[in-house]
There are 6 protein chains.
Amino acid sequence: MKNIIRENNRRHNELREISFDLNFINNAEGSCLVKFGNTHVVCTATVDDRVPMFLRGKGSGWVTAEYGMLPRSTNTRMQREVSKGGLGGRTQEIQRLIGRSLRSVIDLKLLRERQIIIDCDVINADGGTRTAAITGGYIALYLACKKLLEDRIISKMPITSMISAVSCGIVDGVHLLDLDYFEDSSAEVDANFILTNDNKIIEIQATAEQKSYTQEDFLRMLELARVGTNQLFELQKQALGI
Amino acid sequence: MKNIIRENNRRHNELREISFDLNFINNAEGSCLVKFGNTHVVCTATVDDRVPMFLRGKGSGWVTAEYGMLPRSTNTRMQREVSKGGLGGRTQEIQRLIGRSLRSVIDLKLLRERQIIIDCDVINADGGTRTAAITGGYIALYLACKKLLEDRIISKMPITSMISAVSCGIVDGVHLLDLDYFEDSSAEVDANFILTNDNKIIEIQATAEQKSYTQEDFLRMLELARVGTNQLFELQKQALGI
Amino acid sequence: MKNIIRENNRRHNELREISFDLNFINNAEGSCLVKFGNTHVVCTATVDDRVPMFLRGKGSGWVTAEYGMLPRSTNTRMQREVSKGGLGGRTQEIQRLIGRSLRSVIDLKLLRERQIIIDCDVINADGGTRTAAITGGYIALYLACKKLLEDRIISKMPITSMISAVSCGIVDGVHLLDLDYFEDSSAEVDANFILTNDNKIIEIQATAEQKSYTQEDFLRMLELARVGTNQLFELQKQALGI
Amino acid sequence: MKNIIRENNRRHNELREISFDLNFINNAEGSCLVKFGNTHVVCTATVDDRVPMFLRGKGSGWVTAEYGMLPRSTNTRMQREVSKGGLGGRTQEIQRLIGRSLRSVIDLKLLRERQIIIDCDVINADGGTRTAAITGGYIALYLACKKLLEDRIISKMPITSMISAVSCGIVDGVHLLDLDYFEDSSAEVDANFILTNDNKIIEIQATAEQKSYTQEDFLRMLELARVGTNQLFELQKQALGI
Amino acid sequence: MKNIIRENNRRHNELREISFDLNFINNAEGSCLVKFGNTHVVCTATVDDRVPMFLRGKGSGWVTAEYGMLPRSTNTRMQREVSKGGLGGRTQEIQRLIGRSLRSVIDLKLLRERQIIIDCDVINADGGTRTAAITGGYIALYLACKKLLEDRIISKMPITSMISAVSCGIVDGVHLLDLDYFEDSSAEVDANFILTNDNKIIEIQATAEQKSYTQEDFLRMLELARVGTNQLFELQKQALGI
Amino acid sequence: MKNIIRENNRRHNELREISFDLNFINNAEGSCLVKFGNTHVVCTATVDDRVPMFLRGKGSGWVTAEYGMLPRSTNTRMQREVSKGGLGGRTQEIQRLIGRSLRSVIDLKLLRERQIIIDCDVINADGGTRTAAITGGYIALYLACKKLLEDRIISKMPITSMISAVSCGIVDGVHLLDLDYFEDSSAEVDANFILTNDNKIIEIQATAEQKSYTQEDFLRMLELARVGTNQLFELQKQALGI
């Protein structure tokens, strides 16, 4: 395998330093400051007694997500989306992905007519904000569900399995796990994997940025993603004390 | 394998009836009405002498796409996006996907400072509008490039390989190719594959809609997609006379 | 009279080639692809059980219209209105005109509390899109009403007379019927006539584009419009089989 | 002829009380508070050294108009258009009409690359706001042109003829001149005529509100409009001292 | 004290010419054209039977305000806010200030579930538009309340004290009352005082525009404001006949 | 003096616990996480080589501010402003205040044609977010200026004096320093003071929320503000090491 030197001498199959700072925002029903290296995302879970219009009277709950970036989370200041007059395509794609992923590991019926909103706000961005958001969003969601259970508002834990997410890519011909911004910018292929702790797949997005890739390339990235998410599941368990 | 009865007795690995009606819109530099069964999409290519701001003076071209649906392309009338005050997340996701996919099979330098805009407007929707749009958008793009070449505005065909797209899914445990709206609505897993005629991958999106899936599920869907896109490449070639 | 050479040797009082392709869009309650020469408009009628706020509880129905153009319906690509942040003045004028005209030939009480929305989307534009839209919109409206009648949702045909529309203008001093885009662009006076088959007037709009006109000019245009709409009524009847 | 009793015993062919209060707004290059009975409109003309994009470098000028209503100009308070998120269709139709009409009586070349913006803001509305706005807008435009001439910025008066506007309608079968709001609300036919003082027509809009009308109806309304605008031309001349 | 020459030889502690033209807009429940010199503001009060969402069912009323400027109220034409796509910060600040101030002198309970909307539209601007708007808005509010009382819709006058507002500033080291636009533009300190006729304070806003100021400066401006508002109270009383 | 029990036994003239965490956001030219008790605000300073349009070519710089709140910074989740379609009035008022205040203590000429943007994003809100934002924004601004000086981009420190801000209010008749959210919600009078370390005033805003106040009330609040800002200046100096 060709060699590539990564920041902090990371190996090709090594995650960045990961941390979860639980209950970072006191007001929220669940919250977490998740760090994947220099990518820092504040994730909060809000329990809301109203469900979206299409679910009213159906006896089922909902999980949705919103995603934002502070203007100076990036190296060059970004304009606020409110100033641009609406949510950009990238923001909408990411928040739809976070919501869809988290909904796939929760039994919405157990929530009854109740919505949990996961807000993921990027404080520092250095690549992989969406995978950090999903991984930390899971923590916030778990905490909020636990609170609902402890407050006897729901009678059974609705979360059905653990979920975490990580990016992989091909940079200069080398398959890498958990790309930072610099690596991501020069990647030929960029992929995001959202996996469960029972070895299942929730979502795969794998995009040729500069040139097409082969099935073999794909399978090597999937393997790296398994390595990464297995470590993330351990860290999530430690953080949650489960 | 479990059995499932599809509309028109389609087999699980069979495409719907496909057609390409070239030069459907006279004004455009390239155009095509593509049909995947009852999904009908008007694709046009517009050559524009201006490139986006970030490319000015860089000597390179660009390909971008816009996607829309007529209000009554769907069974229940949809509100126009202009009336809703902005592009929805789904629309933005799809048009970003179309643009990204088509850019991956064109040598942008050969376009010089020139942009090609692919408009994909759905006239009738019956599932798979994004895959039809990419497959038909390729035709429109090809025609526009051919015109640029014939008009001696560019000196070499910039398209580097053929591209087509098809959806796959798992419905009631059965892996299906090219889902219609009814199948898509009840699919457990929904995937879109954008592939090249030299057996490479441009983009994969595979989403668990109701429950997670396995690596084996994934590989069976990828195999179905190969079957489908290989047929699409033949039909594209016939339509273009190449 | 001065002579002017028109495309396809059309005489000054001759319509372009007219066609109505009924049920072009399967999903709609009524639909029609109307062609006035190279001006092609998709018209659909949607029956909606809700009426606008100001009619709720009044026991009367409503007919309204929306108008749009595909980006490449014109020779130079138009920006989508959603991207411009709202409906332009021209679009609003036209859709208000279509709705107002069609409402004038329907007994809204017979619809009960029910709305019919006429969508007119221009696929190809070559002058006279609003007159084609009204003429084709009538067909779509008629088909939707007929369906309501056949489905015994209403008990009596609510349409009270036939309606069609045509433009006239003065180009280089010559009074012309049914202007194409080229003629319209150079017209000194531009007028639209919306007439009924019992020789009545629904709406007249007659505008001096470059110089003022006389009452005699006006009357000659009105006469040409009578000639044109009488032919349109015959073609509408043939298409509808009435 | 059937009889109808109008406010203040007005005859069917009589204008409301008309007045022009010149230079009502000091800051503007030309201004006028025009009153048609209880319809009061502030018209201002602003001379702007920039022309719209499509005219830059063409050596020609432009006249454009904007129209607004104070929230409480109407009997029931209207929401401000900024609060509704955009210009309504009626507003856009009216301001396009005002601009188009005034452009037809000015030699734009004589303005050179210079724009005159006519703002018409309704203070009190009682029917006929668009006709009052055009009639008063002419005064503001004239004053601004006169000022340009006196300041030797232009060398020749660019206005080519006088213009005024008035509404007519059919109420309860009676043809009336200059409808107030109450009459307008119950009119079967509503028409606006924009005429010149040399007996020419600039624009006609004649709409069947409840039922269609005949050619004879139309001609009677046009005759009433001639009576009304001839009086308006006299009053404009007196006001301008010409 | 240093000397400064003001327009019309006004003394440093002298108001501009003030007038109140009551019932300027017939349709409104209360209205007033207020003039502070060349600053002219149309103030109307609208009684609305609906209260904002947060007050429904609480048995209490509300007073709110909206503020606007005609495009040519200023020396250089301003773009309409609807064309800019939303209310600017300055507009929002001013209308919040007007609403808050007027709410502080009314017993909202006495209005029951009823809202009074004060619209303040600037016709001519020459500095001090917000203070004129509050002073005139009080008149409109008073008239509307009086009408509610006379119509026996409320049983007791809800207004608890008189309110008026005036600006002060420091120009070239001199403390001035009621600044016009020219003075305001060159002021080092700019302050607005909203006071009651029982010698109390409703709101103070005092801003260093170019350099900071001392407590003594502040107190001298407050003293000037007392002089000014005491005169305004006399003029308000005369206008209202109380 | 009447007694009131404050959270953590704070005295009426005591600040909450204050801290400044410098360089909290690595990417920014200056940044600080400021805490006033449970009110936490991330302040960043961005140096931008472009000045606003009105300053181009004038040789002077600019300082501006933007303010935002994370959705769950408050006890009940707030909707994002981008979802509401624009900046609310409160947000605009606050960001205008922050920008204006910071501009008053900087010599803009020394910045040359360069803008510093201060972003203040509230992470946790418990009253006094605008005063914390100004106090922390000063730190971010100072750090950015220091960096410009160290990088020899400017030649002289442009900051002319220190600035800090604090709220005061009257709750249940007692004059209090630095109100938390609970106190603020029940305050009769609410005031914000922005003061300099040389005993001068930059801005005062003092609002009667429920009832009017006297001059004596005002002066007691100003005195409390002096006590508070003097402590803030000491803490700012410690944090900056000056």
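Backbone N, Cα and C define each Cβ position, glycine as well.
Annotation note: C:Arg130 (phosphate binding site) sits in a helical segment as assigned by DSSP. Around the Cβ of C:Arg130 (phosphate binding site), the same chain contributes C:Tyr67, C:Ile94, C:Leu97, C:Ile98, C:Ala165, C:Ser167, C:Asn192, each under 8 angstroms and 6 or more positions distant in sequence. Here TrEMBL flags C:Arg90, C:Gly128, C:Thr129, C:Arg130 as phosphate binding site.
According to TrEMBL, the feature domain 'Exoribonuclease phosphorolytic' maps to C:14-144 (among others). In the predicted model, the domain 'Exoribonuclease phosphorolytic' (C:14-144) has a mean pLDDT of 93.
The feature domain 'Exoribonuclease phosphorolytic' is assigned by TrEMBL to C:162-226 (among others).
Sparsest Cβ environment among the binding-site residues C:Arg90, C:Gly128, C:Thr129 (other Cβ atoms counted within 10 Å): C:Arg90. Residues of the domain 'Exoribonuclease phosphorolytic' (C:162-226) grouped by DSSP class, helix first, strand second and coil last, total 17 helix, 30 strand, 18 coil. Same-chain neighbours of the phosphate site beyond C:Arg90, C:Gly128, C:Thr129, C:Arg130, judged by a C-beta within 8 angstroms of the site's C-beta center, are, in sequence order, C:Tyr67, C:Ile94, C:Val122, C:Ala125, C:Gly127, C:Thr131, C:Ala132, C:Ala133. Take C:Arg90, C:Gly128, C:Thr129, C:Arg130, the residues named in the record as contacts for phosphate: the widest Cα to Cα gap among them comes to 13 Å. When secondary structure is read from DSSP and collapsed to three states, C:Arg90 (phosphate binding site) falls in the helix class.
Taken residue by residue, the domain 'Exoribonuclease phosphorolytic' (C:14-144) breaks down under DSSP into 42 helix, 41 strand, 48 coil.
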